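As structure tokens, the structure follows; a few thoughts come after it.
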Amino acid sequence: MKKDYYEILGVGRSADKDEIKKAYRKLALKYHPDKNPDNKDAEDHFKEVNEAYEVLSNDDKRRRYDQFGHAGVGSSAASGGGAGAYGAGGADFSDIFSAFNDMFGGGGGGRGRGGFEDAFGGGQRRSRASAGIQGTDLKIRLKLSLEEIAKGVEKTLKIKKQVPCKECNGSGSKTGATETCPTCHGTGEVRQASKTMFGQFVNIAACPTCGGEGRIVKDRCPACYGEGIKQGEVTVKVTVPAGVQDNNYLTLRGQGNSGPRGGASGDLIVVIEEKPHEFFVRNGDDVIYSLAVSFPDLVLGTKVEVPTLDGAIKMTIPPSTQPETMLRIPGHGIGHLRGSGKGDQYVRVNVFVPKDLSATDKELLKGLRKSPGISPEAHGTGTEKSFFEKMKDIIG
């Protein structure tokens with residue numbers, strides 16, 4: 001199973017383009033083949049990062065991926081190794097050149113341009129502007145009946161999640177005061193440079209003091225221990241369209257756990273769980289109902305009442321209906337997820353064979369069995385010669 005693109009880049013589902021670009025540049029630098037020669041794992045990670053960035057940096061592809069997963073973007077992201085080292089697949093060249101500059105040109109504390117940026121006029125270096133740590137995504141399972149799935153439903157759910165601390169308004173500080181991190185000086189990053197025969201390499205990591213925020217809290221709030229978040233309970237409304245299937249999921253952006261100290265909230269991911277049904281078996285947007293009918297009713301025909309997802313209806317069993325016949329009731333299936341209309345209901349007709357019979361019923365059946373009109377031979381069936389009998393006729 002392919003990895004989730006958001007997990008590959010280490011960002012939440014509500015991440016904006018700048019966060020995605022920043023995560024991509026860090027990971028592209030970390031796993032670049034030139035920095036990890038003869039390292040197959042690093043090469044595979046590099047391809048994954050580029051593939052994820054190609055999809056998530058494109059608004060249309062990201063929308064399709066959020067709605068349909070990997071199936072929504074097909075093979076386009078993987079066709080050329082994503083946004084590979086030489087810009088294949090639609091990645092932003094300035095991101096790649098900036099990563100090369102970090103590796104081969106830019107010093108540990110320098111902010112000037114160099115390397116590929118000098119050669120190709122690369123974009124301006126980013127500056128750190130911390131807005132708190134991204135809250136984590138929250139995943140819940142929502143059980144739905146087939147009737148709810150058939151028509152769509154709105155659910156009101158109570159969920160437990162991390163919410164902003166009321167005592168400090170989510171700042172983590174009693175007074176709301178913060179100061180620049182003395183370790184990274186507000187950048188949120190620490191760099192370690194090393195020189196090799198191939199040039200200078202720079203390893204970039206999140207600052208361990210501030211956790212990558214660039215600022216640290218003064219006068220920590222005693223209610224949340226300076227985190228700015230506490231466990232709480234909220235009510236959310238989830239609108240589920242008709243036609244969803246088991247393990248489909250809906251993403252509610254910004255409805256997940258709140259981020260520490262004013263950080264953006266993660267997403268709420270609602271995974272659909274379809275309850276087993278008492279009567280129906282689902283087949284795509286169609287449903288199948290098994291109906292047991294007595295032998296006389298199969299032969300003579302009858303009208304019966306059958307359940308549907310819209311309530312019970314009357315249907316006709318035509319005379320001489322054979323066992324395992326599928327009778328169709330149009331438009332009584334499940335609403336289509338995409339487009340209008342609904343699937344159908346199929347009624348599988350089975351013959352009912354009683355286990356216990358009275359003496360009278362047995363005599364009636366014995367008399368019926370003697371009637372030549374109900375035997376297979378009378379209707380041209382059951383008299384086919386076997387292969388060996390046919391061979392005997394030919395050989396003589």
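Cβ coordinates come from backbone N, Cα and C, glycine included.
Record features (Swiss-Prot):
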BINDING   Cys165, Cys168, Cys221, Cys224  Zn(2+) 1 binding site
BINDING   Cys181, Cys184, Cys207, Cys210  Zn(2+) 2 binding site
DOMAIN    4-69  domain 'J'
REPEAT    165-172  repeat 'CXXCXGXG motif'
REPEAT    181-188  repeat 'CXXCXGXG motif'
REPEAT    207-214  repeat 'CXXCXGXG motif'
REPEAT    221-228  repeat 'CXXCXGXG motif'
ZN_FING   152-233  zinc finger
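Beyond its flanks by at least six residues, the repeat 'CXXCXGXG motif' (221-228) meets 132, 164-168, 170-174, 258, 260-263 of its own chain at Cβ-Cβ distances under 8 Å. In sequence order, Lys166, Glu167, Asn169, Gly170, Ser171, Gly172, Ser173, Lys174, Pro222, Ala223, Tyr225, Gly226, Glu227, Gly228, Ile229, Lys230 are the residues of the same chain, not among Cys165, Cys168, Cys221, Cys224, whose CB sits within 8 A of the CB centroid for the Zn(2+) 1 site. Counting in whole angstrom, Cys207 (Zn(2+) 2 binding site) lies 22 from Cys224 (Zn(2+) 1 binding site) by their C-alpha atoms.
Sequence-distant contacts of the repeat 'CXXCXGXG motif' (165-172) (same chain, six or more residues past either end, CB-CB distance under 8 Å): 178, 217, 220-224, 226-230, 258, 260-262.
Mean pLDDT across the repeat 'CXXCXGXG motif' (181-188) comes to 88 in this model. Checked against Cys181 (Zn(2+) 2 binding site) by C-alpha proximity, the binding-site residues Cys165, Cys168, Cys221, Cys224 yield Cys221 as the nearest.
Cys210 (Zn(2+) 2 binding site) has a Cβ environment of 23 other Cβ atoms inside 10 Å.
Between the binding-site residues Cys207, Cys224, the minimum number of other C-beta atoms within 10 Å of a residue's C-beta occurs at Cys207. Per DSSP, the repeat 'CXXCXGXG motif' (165-172) is made up of 0 helix, 0 strand, 8 coil. Fewest Cβ neighbours within 10 Å among the binding-site residues Cys168, Cys184: this applies to Cys184. Cβ neighbour count for Cys181 (Zn(2+) 2 binding site) (all protein chains, 10 Å cutoff from its Cβ): 21.
Geometry remark: Cys168 (Zn(2+) 1 binding site) versus Cys210 (Zn(2+) 2 binding site), CA distance 19 Å. Those residues of the chain, other than Cys181, Cys184, Cys207, Cys210, with a C-beta within 8 angstroms of the mean position of the Zn(2+) 2 site C-beta atoms are Pro182, Thr183, His185, Gly186, Thr187, Gly188, Glu189, Val190, Pro208, Thr209, Gly211, Gly212, Glu213, Gly214, Arg215, Ile216. Cys165 (Zn(2+) 1 binding site) sits 19 Å from Cys210 (Zn(2+) 2 binding site), taking the C-alpha atoms as the reference points.
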